[in-house]
Amino acid sequence: MYSASVTAPVNIATLKYWGKRDKSLNLPTNSSISVTLSQDDLRTLTTASASESFEKDQLWLNGKLESLDTPRTQACLADLRKLRASIEQSPDTPKLSQMKLHIVSENNFPTAAGLASSAAGFAALVSAIAKLYELPQDMSELSKIARKGSGSACRSLFGGFVAWEMGTLPDGQDSKAVEIAPLEHWPSLRAVILVVSDDKKDTPSTTGMQSTVATSDLFAHRIAEVVPQRFEAMKKAILDKDFPKFAELTMKDSNSFHAVCLDSYPPIFYLNDTSKKIIKMVETINQQEVVAAYTFDAGPNAVIYYDEANQDKVLSLLYKHFGHVPGWKTHYTAETPVAGVSRIIQTSIGPGPQETSESLTK
């Protein structure tokens, strides 16, 4: 049996991907930017094994046997096998591309709870099989394969600050992830995640995207005017380590994304009352100067970015209301508990996929 294990990170978009121009290839209607979070707190661990004794491809996720028959997963496996077959010409090279695969995967966070589990999952799957197959392709090339599994997964193939360039080619060959800056560029950036709900969301992302593209009038303006300008401005803010500008663009883009969801017909609600309270709290924190930035993906959970220098200022107010829930690494004075948050995750910026000796197969 041949085996390889990899951990892959969660990434949280600061410039949102929402809308596909090609559903089967997962080609986006706009470019996006994300921050890769530390795998100490959020990661998917995947072990990929190949053996002549395996009768069929199988996947276990968090201990449960899952189907591999989805078109997205099949596209990833086919691309990876094709790349492996191209380096198997020598009679001495094991024909791994012809063997069935067993893939075992575990998250250390709730799956499908708005914490980008599919992104980490497909990034781990592609990275583990690429490692198993000893593929020579770089991460940008592999990101095109991960993209077919889950659009935002392509961004989890890099650490630090990442751009997914939408590309223009119909076959998607130029729709890939690239590094804007490594995690060492801005190591003092921190994130705190407020888990508002561990439940699966009412409107899955793919369904929501299709509805928005088909029915929202605001959407066309967002992808044609708003995002292209913001994309360049946000890259500059990251490279300049300009937190107030980065924060403003991040919050505005979160608002813009949820505005097109609301403008969809029927409207899509991802934020709930707790989410809105958190937005108000961040506005309170930022009254004197901008030191915190909220962003919400397709769900009610909040991610708040801040610089380590302002940690006490940012976390003390959040702790005041949410100090009673688990997950805190630092402690302040808790006064007025606000219901609606089940736990918090304090984290930082992290690297891309990492090879590990930890194996999920015996």
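Backbone N, Cα and C define each Cβ position, glycine as well.
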| Looking at Swiss-Prot, Tyr17, Trp18, Gly19, Lys20, Ser150, Gly151, Ser152, Ala153, Cys154, Arg155, Thr206 are annotated for (R)-5-diphosphomevalonate. Which of Arg72, Arg81, Arg230 sits in that same site? | Arg72
| message | Given a separation of at least six residues and a C-beta threshold under 8 Å, show me what packs close to Arg155 ((R)-5-diphosphomevalonate binding site) in the same chain. | response | Asn11, Ala13, Ser32, Ser34, Thr36, Ala119, Ser143, Val162, Ala163, Trp164, Ala177
| query | How many angstrom lie between the most widely spaced Cα atoms of the (R)-5-diphosphomevalonate binders Tyr17, Trp18, Gly19, Lys20, Arg72, Ser150, Gly151, Ser152, Ala153, Cys154, Arg155, Thr206? | reply | 18
| note | In all the protein chains shown, the tally of other Cβ atoms within 10 Å of the Cβ of Ala153 ((R)-5-diphosphomevalonate binding site) is 31
| note | Top of the binding-site residues Gly19, Gly151 by count of other CB atoms within 10 A is Gly151
